[in-house]
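Copied over from Swiss-Prot, here are the features:
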{"type": "REGION", "residues": "1-37", "note": "region 'Disordered'"}
{"type": "REGION", "residues": "2-201", "note": "region 'Large ATPase domain (RuvB-L)'"}
{"type": "COMPBIAS", "residues": "11-20", "note": "compositional bias 'Basic and acidic residues'"}
{"type": "BINDING", "residues": "Leu40, Arg41, Gly82, Lys85, Thr86, Thr87, Glu148, Asp149, Phe150, Arg191, Tyr201, Arg238", "note": "ATP binding site"}
{"type": "BINDING", "residues": "Thr86", "note": "Mg(2+) binding site"}
{"type": "REGION", "residues": "202-272", "note": "region 'Small ATPAse domain (RuvB-S)'"}
{"type": "REGION", "residues": "275-354", "note": "region 'Head domain (RuvB-H)'"}
Amino acid sequence: MSDGILSFSSKNDKRGETSGKELITPSSQPVDDSSEVVSLRPDRFESYVGQTDTVETLKIAIQAAKMRGDCLDHVLLHGPPGLGKTTISHIIANEMGGTLTVTSGPALEKGGDLIGMLTNLARGDILFIDEIHRLPKTVEEFLYPAMEDFAVDFVFDKGLHARSHRYRLKQFVLVGATTRVGLISSPLRDRFGIFRSLDFYTDEELVTIIRRSAGLLNVVLDDGAALELARRSRGTPRIANRLLKRVRDFSMVRSSGEVTQKSVAAALSLEGIDSKGLTVLDRNYLRTIIEFYRGGPVGIEAVAATLQEETDTLVDVVEPYLLKIGMVMRTSAGRRASVGAYEHLGIKHQMELF
């Protein structure tokens, strides 16, 4: 396998994979695929919390495919980072009984990288491409016949001597994940039979996830601690699990080991996370709009330049949650800070000065 590719298996076969979700090729391992994080992932839809409509849609589609003895339609998942797109791909593989191969758009630099993976897939296997919007155009074009006809076309020689050969693939399921669905070309997007957008989780859903993760990590926490942690997790399970570990460490060193609401507040204060889950970068983003650009409107490139941050970081990581809770507004003229942003930062709104 080429760099950037991981293989997992949910069945026994003769290709070297083992049962369960054991890591086979660790090269270029994604940051959220450490052994502890993987252990916190639910492996069936029955234990998956949140995204009710998406889960129901996939359960129906999977059951129908099994009844027909057919493969599942290709799936495209859209949403901010950390909402469960990779986890859902693992669950789809488990539910369908296929082997999961994980890669990402930037890792597939040449058409040969993709073709090598496609030709190694068995019937019913799942290929998960994270950040699919970052696929090079030349690689993306190989996906069109692969998704539609389960075939890839090879061209030999050039000019008058050019010859084309079609290689038949086994039927597979492509699961694509993206944070920027608008950057996916229409020909690729239209080839997905199932398209679902994932939304931020409610505090109640996050409390359930935190309690499950705490049990797996042998962490004792009370109701107030679970709710406080949920409120500061930006509606994102990945962040909730990460903060739970930081709070666990803090409680082990600075208190009796039991996680309380007070220890959550103290631990996350050290992390620079406030009562609404805003990080230092979030607050600097809002302060930049308010103090440097008088509340906006201002273009995202100008904000990124002032903060010395990548524009994609602000668009993909910072803005989704701030938009969700109404701290910032996107207008045709640019970004504008809301009254709520002024109040949260303790800054007097400009309109009140006159």
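From the backbone N, Cα and C atoms, a Cβ is placed for every residue, glycine too.
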Q) How many other Cβ atoms sit within 10 Å of the Cβ of Glu148 (ATP binding site)? A) 12
**Q.** Number of helical, extended and coil residues in the region 'Small ATPAse domain (RuvB-S)' (202-272), per DSSP
**A.** 51 helix, 2 strand, 18 coil
Q) Largest pairwise Cα distance, Å, within the listed ATP binders Leu40, Arg41, Gly82, Lys85, Thr86, Thr87, Glu148, Asp149, Phe150, Arg191, Tyr201, Arg238? A) 37
Q) In sequence order, which residues at least six apart in the same chain have a CB under 8 Å from the CB of Tyr201 (ATP binding site)? A) Val49, Gly50, Leu83, Ile209, Gly235, Thr236, Pro237
Q: Count up the helix, strand and coil residues in the region 'Head domain (RuvB-H)' (275-354) according to DSSP, in that order.
A: 46 helix, 9 strand, 25 coil
